[in-house]
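As given in TrEMBL:
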- 147-197: domain 'Inner membrane component' (DOMAIN)
- 365-484: domain 'Sodium/calcium exchanger membrane region' (DOMAIN)
- 588-730: domain 'Sodium/calcium exchanger membrane region' (DOMAIN)
- 23-66: region 'Disordered' (REGION)
- 206-235: region 'Disordered' (REGION)
- 150-173: transmembrane segment (TRANSMEM)
- 268-287: transmembrane segment (TRANSMEM)
- 333-355: transmembrane segment (TRANSMEM)
- 367-388: transmembrane segment (TRANSMEM)
- 394-414: transmembrane segment (TRANSMEM)
- 435-457: transmembrane segment (TRANSMEM)
- 469-489: transmembrane segment (TRANSMEM)
- 536-556: transmembrane segment (TRANSMEM)
- 586-606: transmembrane segment (TRANSMEM)
- 652-678: transmembrane segment (TRANSMEM)
- 690-707: transmembrane segment (TRANSMEM)
- 713-733: transmembrane segment (TRANSMEM)
Amino acid sequence: PRRGSLCDRRCAAINNAHGDLGELPSGSHLPHGLVTPRVLPGRCSPGSPPVAPSRRGAGGSHSHLSPAGIACPQHSDELCESCLGKTTLTAENAVEANKLSNNYKFGFKKWKSHVTARPWEDRSEIVKELYSDLNVIKGSGGSTVTCGNVLYALLFGWWLALLYLVVAAVMFLTVVGAPYGRLCWDLAGYFLWPFGKVIQRVEGAAEPAGRPGGPDVPTEATGAQETSSLLGGPVPARWRSRRRVAAAAAWLCLGYPPLALAHGLVCLVAWLLVFFIPVAKMSARVVRRVLLLPPERVRVRRLRMTEVPLEAEVILCCYRAVNAYYYKYTVDGINVFAVNLLPLVVVTLVLGYVDGRNRLTSSPVKFTLALLSIMPLSYYIGMAIASISAQSNFAVGAVVNATFGSITELTFYITALIKGAREGNKCYEEIVKAALTGTLVGCVLLVPGLCMVIGGIRHQEQRFNSRSAGVSSALLFLSVGGVFAPTLFSKVYGKLVCGECHNVTQNPLGRYLCHSCHFDLMHSNGTLYYSHVQPLVYTVSLLLPTAYLIGLFFTLKTHSHIYDIHISDCHMPGHHHSAVVHWSRWRALLILLLSTLCMSACADLATEHISPILTSSTISQYFIGVTVLAMVPELPEIVNGIQFALQNNLSLSIEIGNCIAVQVCMLQIPILVLFTIFYPTNFTLVFSDLHVYASMFSVVLMNYIFMDGKCDYFQGTVLVMVYCILLAVYFFAPSPSGC
């Protein structure tokens, strides 16, 4: 099937000739021997005469190609040379162009999905099939006996058919409902195996006394010749009308309710399973259309046995119960998984605040639900930020990204610190530090590593903009050094205090074995901490956001050419469309505020019910903070990175992890330090040795891997394996002091 429009395939193929930035639809291939530069002119007029693209000559020169994949004679060689090294992105409209441009800006949230509705004719045939109404008859597509169809028969088909047979028996017993009984008989066979069958609505036709689907007989003629078996004369029209009313009443009272309830259950279960959405559509269409029609207007036929009349309307025609591409399905621009997880947020909030004494569920269950609820809320916050940024100017987009870009993590950290301060439990502070370190290590090792491995399965070697990655790497070195500076200072000048020491050699001057040792910063009435460490923490907390602003100014203003992004409005003639945004700015702002409010509530519930897990669990609290609390909120970002990598756009996959890691060090930690000034929480910017070594080693390894600007699945495997080794270290590490 055609997987993309002609314009999309040409433009994306040119943009991805060297594995550069830009989106290459799956299934698109470059013409053999066509070598394109990374320079693409802004726009090639559709009316200009095309020039055949030249292959690379003996001298190694390249032809300059327009975004449509052909040379444009309107652009001179000087113009093409001025664009040398640029990456051209194709956008359907100005809003999508802004979103694509924001994806490559430092400090902006990277978003894969569209923020505007794509033109229908520009979508691939696979995507069009996802949104079909299951009323299109296709040609011979092979056997209908597939694994998905057999699974449908085992999960839904057999008991739906049995229910229809029971309802048919009930309708036959009412006598007046016999026509509906015959309809249910036919529908029982249909729902046992609906594939390769069609349900039609026949206008102005009635069925004979036998099975529906017999010879067509006009309703008027049938009514004029209908006779009464008792009197032997014609049946009066008012009797026929009363009989139809009685049959409809019996059907609406006895037959339709149980069938509608059963189909509603099937629709709900199939929708939640996502890949069974065709079954959900089929059930919804039957309840709304088929079961409300007069029985003589409905026909069930096999496609191979009949030819559908042109005048007959096809109500339902299904070929597959399962479609693996439904992970792309969206509702008003929202991914179907995010839609399905939204009720989970409501259930979490109701159980958390209504069942305060844990009569219905336990604390571990509530903690798990609260943590899972953070995932869809993170998705809604990300889409709202991307929508607002795409429809606003640069200043508004920068403010929104800086304000709400880290709101998911900050809500949990702040609520945990508040709870720890109220209870006087230092364990919450250690959990927050472990989560901060886990986010940093995960975004530096796991996110790019997974993207390299999964993207490397499809692409043998992937390239990325090493210079733009070098900017993020430099900021990472700076941020990690600044964050751990107070820790190194305390190691040098702090006093080592141990909880318990034993003489190993039984000699007063011999060796001692000590346990629970730590550097005490409060000796001499806290002079070291208050006079030296605390001012250093405040100084670092001011310098890190300043460095972040300088990085923004450097990459977005003075040295924006590092990213070399050029937006092209390449479209075929007649394919220009105005932007139809999924969420307007005000709607996106409202969703952003509501999602942030729900996020705060879920974070509060998570910290409220994490205590039993921390106290009764045999797993180290370090491991819980580094894995669950750190990476679950980042799952939407990981999915975005994987999707970019699959489209040979590894630059954005790497930037996703680097951007989050930089924001952790340069924004989140300074905000937590600033929060402790106004609300004392005893949060000190002094980390354990394990956090320091893991973070620094991860940053050094990441910079070494990204040095040459290209990678493959082996390098990604190295990053993932190192991350797994660090997880094993945290798993077997003893619990931190205070827990």
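Placement of Cβ uses the backbone N, Cα and C atoms for every residue, glycine included.
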Leading stretch by Cβ pairs under 8 Å, where the reference is the transmembrane segment (536-556) and the options are 150-173, 268-287, 394-414: 394-414
Intrachain residues whose Cβ lies under 8 Å of the transmembrane segment (268-287), provided they are six or more past its termini: 130, 133-135, 148, 152, 156, 187, 194, 259-260, 315-316, 318, 320-324, 326-327, 329, 336-337, 340
Annotated stretches the domain 'Sodium/calcium exchanger membrane region' (365-484) and the domain 'Sodium/calcium exchanger membrane region' (588-730) touching (3 or more Cβ pairs under 8 Å): yes
